[in-house]
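Visitor: What follows is a single structure, and I will ask about it in a moment.
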Amino acid sequence: MNTDITRGTVRARAKEVLLDAVRGLTLAVAVLPLGVAFLVLTLLSVAFVPLGIGLFTTPAILTGVRALADVHRRLAEEWCGVRIPAAYRPMPAKANPWTRTFRLLGDPQVRRDVLWLPVSVTAGFVTALLPALLVFYPVEGFLLAAGLWRPYVSGAGGTYWYAFVPVSDQTSAFGAGGLAAVLAVVAYRFVPRTMKAHFKLGRAVLGGDAELTERVRVLTETRRDAVDTSAAELRRIERDLHDGAQARLVAMGMDLGTIEMLVEHDPAQAKQLLAQARRNSAEALEELRDLVRGIHPPVLAERGLGDAVRALALRLPLPTEVTVELPGRADAPVESAAYFAVSEVLTNAVKHSGADRIWADLHHTDGRLRITVTDNGKGGAAVGAGSGLAGVERRLGTFDGVLAVSSPAGGPTMVTMEIPCVLS
Amino acid sequence: MRVVVAEDLFLLRDGLVRMLTAFGFEIAAAVESGPELAHALAELEPDVAVVDVRLPPTHTDEGLQCALAARRARPGLPVLVLSQHVEQLYARELLADGTGGIGYLLKDRVFDAEQFVDAVRRVAAGGTAMDPQVIQQLLSRRSAEDRPLGRLTPREREVLELMAQGRSNAGIAAQLVVTERAIAKHTSNIFAKLGLEVSDDDNRRVLAVLAHLDQDR
């Protein structure tokens, strides 16, 4: 049993080593000429910029360099699982050659790509070729030991050097075989690591602070969205107060003033106005209540996300099953974002899905708050421009949250939201 | 009748005390926080408590929790809960033990002093006083999804709403300005249409209605 497993893993490992050797060889053979060519072309092209020719050739060549770097990135991910982030600056669609050239040369990512070329034809070449050498060189050693030394060693006293072993007869050929065996073991142990090292080298040069740059870009974007949203929200609240509660209170004040005058000589009309003033005050309260619910729902403040979603479900016209497994409460802004996201998704489901049942599931695992809303409707929901789901995505984005929608035609629709957060 | 009032805003607390005193209640205590309320309910044994949902120190649902805890300690203790907003979730929790003597109203309802005091008296007597908003939410939700309520005439729906709020036939008759006999006819029609057994007990009527409205939860 145990040996079977060992044999299995050995075979898998041997296969991996062999595959890496072939890949390394291909890489080395392809990268060296392409790298050198692009390096020379880039240098020449940049040198010709003052003459004007470079303005036309540089963008094309740099695009080629980027393509080569992109291939390297893709292979790193596919072969060794090494993710190399890239953060190219966006290029305006209709830029003249001048801006194009200088934009490209000013892009730190492009500069890293160019810097990567000399590294890839030197250190990169060695690390790519090494696996192939480690795998294929021992083969020659074994063949020498098996008798291949004869044609290599011409006549008596001739010597063929296998690495540092002088092969002149069968005994020394066995020595070469021994060295080959040692090399094979080394290959078996180190080839996958060498291959990984090759791509990690690429990442060190190509990656740079790309991850950080990308992160900054995302943060800038979500911050702008958040600011936009909250500004719009403030405008809405201001307008609602102005047109609603405030106006009603003014009307009430006026009614009370009139009542003050009327109360002596026309008590009947005063009474009527009093009733009206009371209605106005009740309606002002009603409007304030709705407004408060729109800003921060009272149940959310009092009980937290779980009960707030339960209360929300009770107000929906469709039977909605809510399961909550939250051992604590998240920060207020996260709770609020999650609540309004769920609210939007549920409203969408009620309005558009044609479902007759909805399930909402809230739980917290591995530092993430995960909320799933499923309905048995007709499906076909998509996150796109103008859809409510895009708004939800933006709302969650502020907290690094993500939204996934699975909604095949014919249903069911399942919307999953995840927000990294800690519960207290 | 001895009342404990719990409300953290001075103006509202003062107003409540004045109104209840004017209608002949005796104020056993007027408190402004959860712990004080818990203490007053345990020590003073009032006939009824009027409690705001949100109280210090947590400013969450402290008042509601206090009321529920006091009712667990003293089953059937009449509590009228007031709130700036009404939620079915809270209404369910209050009604859950099924012993009656429960009220849950929007704070706005104090505008109509007589109706409000009537609600306090009803709760003190072991009846219920549910806010029309809660009832409307329940009724609109149910009628959207199943038929029995759709078969009610508009008048019968009106009667059902008032009944669900906890009013007696006499109360409903007064409200709708018709005879009590007409209401009795409506109620028996409603019970027949909803398949409920007739009962004279106000409290059981509400619970029956709510239980029916609640059955798929």
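Including glycine, each Cβ sits where the backbone N, Cα and C put it.
The transmembrane segment annotation in TrEMBL covers A:21-41, A:47-69, A:114-139, A:172-191. Feature annotation from TrEMBL assigns domain 'Histidine kinase/HSP90-like ATPase' to A:333-423.
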Visitor: Please give the sequence-distant neighbours of the transmembrane segment (A:21-41): residues at least 6 beyond its ends with Cβ less than 8 Å from one of its Cβ atoms.
Guide: 57, 61, 64-65, 68, 75, 79, 114, 117-118, 120-121, 124-125, 127-132, 134-136, 187, 191, 194-195, 198
Visitor: Against which stretches of its own chain does the transmembrane segment (A:47-69) lie, if we need a Cβ under 8 Å and a gap of at least six residues from its ends?
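Guide: Sequence-remote neighbours of the transmembrane segment (A:47-69) are 34-35, 38, 41, 86, 88, 97-98, 100-101, 104-105, 110, 113-114, 116-117, 206.
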Visitor: With DSSP helix as H/G/I and strand as E/B, how many residues of the domain 'Histidine kinase/HSP90-like ATPase' (A:333-423) fall in helix, strand and coil?
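Guide: With helix first, then strand, then coil, the domain 'Histidine kinase/HSP90-like ATPase' (A:333-423) has 31 helix, 29 strand, 31 coil.
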